[in-house]
Amino acid sequence: MHDRTFHIETFGCQMNVNDSDWLARALMERGFSPAPFGEARLTIVNTCSVRDKPEQKVYSLLGRIRQATSKKPDAFVAVGGCVAQQIGSGFFSRFPQVRLVFGTDGLAMAPQALDRLVEEPDLKLSLLDFSEDYPERDAVLGQGAVPASVFVNIMQGCDNFCAYCIVPYTRGRQKSRATGTILDECRALLDRGAREITLLGQNVNSFGQDSHGDGTTFAQLLHKVAALPGLERLRFVTPHPKDIAPEVVEAFGTLPNLCPRLHLPLQAGSDRILKLMGRRYDMARYLRIVDDLRAARPDIVLSSDIIVGFPGETEEDFMETMDALETVGYAASYSFCYSDRPGTRAEMLPDKLSREVKLERLERLQTLQNRLTERCLQDMVGRKVEVLLEGMSRKPGDEGDSWQGRDPYGNLVNVALPQGSDVRGRFLPVVVAQAKKHSLLAEQAGAPW
């Protein structure tokens, strides 16, 4: 009997995390067993190439895998995700232990390929072709109940081709998933215990607006999913500001289970830089969307992505981004220094900034964001919210057990409960007692349900 142990390492976005979760369930249904790093025969690396740093981490990890499995002569590696799509079969020559490379559309066929590789030790395979339609996967939920908070893919790829972004080249052109299939997966998850669903896509607002769509708009999809029995909370990521429709904005005011938090990537606060980036909106348009969202749902919380040091960014441009953070008052922003991505338009732009300038600006921006985040969390003190409890907190309570979960605004909340409480996957009314740097401390204010 061949060794069928596996271990998965994941880099990058929530879509990658969701892909890895599906792959793990699919492998276990085929008789594979999870094992710790360095002990598994098969190590799968699900990669990200949005920035240079995670790509370099992949190469470093492959070196560590080679060392960790040096005493397992039959050990091998599968590399998936965006770096696999980008580098392709080049992995075979650079890293001999790699025997499978699979792209984002090839994921659906990866379990069958790994079955073959376990049985045929001299075989190497690549699954790098983009499919014409959404690459539908086997419905694999695993054994027992599913987590209370789950993710559902609604589309693959992107047609925006922002100047800095490699995603359209590594995940392919946009392909919307069939509405009926999405709803079927949501129902199955709810039947197995899910209570919160997050819809995933590179640009969810353009769902259905491609040759693979069935005429359903994203706003219509939101209403269909929100109406499913048993769904207590609904979220989605990631929208593009240029495509956000009035009907989506209105949904925040009309759908009671649509959570009042939205990740709305700005990328830069300078109109000149936004134009160079190819974002196809300006600050005036973005701020109108923010105003409309707050009119529809006054308590909505916003977060963003910010790129610091885009080619040609002046100090004045950067200060406009800083002003934008203050004006919007983001609860959080995911900020990073610009890095060239191969094949993108921005790679060819002149006036690249030095690493020192980019890092100095990033530090200033993150200092400002930390202050804004602390202010947003402080505003929660004294409020009563319901927390979906995910598990035990790493920080033990002074008395009893300490649990953690998320409130409707996406804040991480820690709460002390009597020892032995069985509340995983349940909602708990709490009153926020204290704001920490990146989380909240709360006290129980009602019975779990």
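Backbone N, Cα and C atoms are what each Cβ position is placed from, and that goes for glycine too.
Now, the feature entries from Swiss-Prot:
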type    : residues               : note
BINDING : Cys13, Cys48, Cys82    : [4Fe-4S] cluster 1 binding site
BINDING : Cys158, Cys162, Cys165 : [4Fe-4S] cluster 2 binding site
DOMAIN  : 4-119                  : domain 'MTTase N-terminal'
DOMAIN  : 144-375                : domain 'Radical SAM core'
DOMAIN  : 378-446                : domain 'TRAM'
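Other than the site residues Cys158, Cys162, Cys165, same-chain residues with C-beta atoms no more than 8 angstroms from the centre of those residues' C-beta atoms, the [4Fe-4S] cluster 2 site, are Asn160, Phe161, Tyr164, Ile166, Val167, Pro168, Gln202.
Looking only at Cα atoms, Cys48 ([4Fe-4S] cluster 1 binding site) sits nearest to Cys165 among the binding-site residues Cys158, Cys162, Cys165. Recorded residues Cys82 ([4Fe-4S] cluster 1 binding site) and Cys162 ([4Fe-4S] cluster 2 binding site) have their alpha carbons 16 Å apart, per Cα-Cα distance.
Calculated from their C-alpha atoms, the gap between Cys165 ([4Fe-4S] cluster 2 binding site) and Cys13 ([4Fe-4S] cluster 1 binding site) amounts to 14 Å. Apart from Cys13, Cys48, Cys82, the residues listed for [4Fe-4S] cluster 1, the same chain places the Cβ atoms of Phe11, Gly12, Met15, Asn16, Thr47, Ser49, Val50, Pro54, Gly81, Val167, Thr170 within 8 Å of the centroid of those Cβ atoms. Across the range of the domain 'TRAM' (378-446), the DSSP-based residue counts are 1 helix, 35 strand, 33 coil. Cα spacing between Cys158 ([4Fe-4S] cluster 2 binding site) and Cys13 ([4Fe-4S] cluster 1 binding site): 14 Å, rounded to the nearest whole number.
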